Amino acid sequence: MHSPIPELPRFERRLTGPRAAPSSPVSTNGSPLNNLVRSRLSDGALNFTGGRIATPLPQPSLKTPESPLSKRNPTIKQNRVRFDLPDDELSRSNVSSPEKTLLTSASTSTFDSLKKELLPELPSLAYSDDDEFPSSPEELNSHVNYPDVRNVYDCHTGLQPLVDHDCIEDRQKTFASKQLPTLPLQKSSKLSNRRPALHSFHSAPANSLYPLPTPTSQLPSNLSSNNLFQSDSLKPSMVSSHTSTKPVLYRGNSEKSCHSCGGSLRAGRIISASGKKLHPQCFKCDTCSQNLEHVGFYYREGKFYCHLDYHEQFSPRCKHCKTPIEDQAVHINNDWFHENHHFCAGCSEVFNVNIPCIYRDDLYWCQTCYDNKYAVKCKKCRKPILGISVKGSDGEYHSQCWTCGACNALLGDEGYFMIENTPICRPCKAISVKFNLD
């Protein structure tokens with residue numbers, strides 16, 4: 001029988017630990033009397049192994065670090081004692097039970113066996129310090145060990161994963177120029193219990209390019225739409241660089257190019273005029289380079305003009321004032337007039353629809369002015385003869401002006417006599433002869 005360890009007060013248990021040896025009462029100043037504890041430890045009377053007295057162990061080192069003051073009594077300084085166990089005791093305390101060790105070893109072996117069956121070793125590169133780094137893809141493939149894909153099982157279904165051998169072989173042939181490591185696969189005829197094959201463009205390498213769908217109507221004559229996509233072929237077709245050419249911008253050729261300079265219209269403001277699109281700075285007169293953004297303009301033969309330059313170059317000119325006609329015009333005998341400049345050269349009366357005009361000597365005349373200027377004048381009244389005239393020996397007369405100089409009778413067709421440049425009828429001539437009136 002071992003003598004029980006006397007129960008310590010709560011205050012002393014806190015000082016020395018739950019399994020510490022009984023100590024002497026605390027002094028009045030708050031520090032424990034450690035001499036008794038040190039003497040017992042030196043004699044080997046106490047050993048702490050689960051609260052029982054055992055064979056003496058090597059003397060532990062006693063450390064009494066200073067602790068802060070207690071919150072209950074700040075004046076009393078509390079010290080805690082910590083015992084450092086030797087290394088052999090620590091090793092003995094960590095030894096587990098035989099049952100636990102046996103269970104651990106059994107579970108470890110089971111996990112290792114399942115790991116080897118379910119997760120085969122991945123291909124790895126093993127080089128020593130003396131080996132040299134492979135300089136070619138063929139030398140690299142000689143150092144790589146790849147597992148057989150048929151030995152890998154699906155952990156969820158217990159079935160082997162499906163591998164499309166035809167697809168992989170075609171892909172290897174296509175990218176043979178890249179010298180990629182290939183998998184040593186073999187064709188298998190037992191596919192009854194496997195999943196159906198899914199042909200998808202996503203199974204191809206990420207750097208492969210496939211042609212975009214092309215409508216049948218746009219295909220060349222030597223190609224057909226059936227040759228574009230095949231469900232059992234995943235061979236990528238690389239787009240050649242010479243197929244896409246940069247478009248050449250001509251002046252006014254494209255809606256996205258400026259009509260004047262041919263530059264791009266993708267950014268900034270765009271002006272649309274007469275079905276043409278231009279930069280704001282390019283929308284100017286072709287003659288004087290005036291900006292036409294906020295003024296009137298004219299479009300002719302692919303060029304833009306301001307108001308003045310267009311009329312100066314293309315509008316007809318008035319025959320009277322020699323200036324371009326901008327508004328309504330009068331066109332007669334290949335001549336152009338302003339509406340108010342077509343008037344009589346004699347009286348300046350403007351011609352209209354009701355007033356006829358007569359053209360002579362490169363001028364336009366009204367009837368009155370024309371008669372006054374160009375008509376034959378009567379020898380007697382000096383007025384123009386517009387109708388029937390009588391032609392005398394000294395000139396033409398109106399029919400009513402053709403009379404006898406003595407009696408003013410109409411001469412008619414009876415004949416006459418000229419006396420002193422005056423026509424005299426027959427009766428008047430007879431009287432003059434009778435009475436010697438000469």
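Heads up, the Cβ atoms here are built off N, Cα and C, so glycines get one too.
Values in this document were obtained by computation on a predicted structure and should not be read as measured data.
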Given ranges 1-37, 112-148, 186-222, the stretch to which Swiss-Prot attaches the annotation region 'Disordered': 1-37
Annotation match for phosphoserine in Swiss-Prot, from Ser67, Ser315: Ser67
Ser96, Ser241 - residue that Swiss-Prot labels as phosphoserine: Ser96
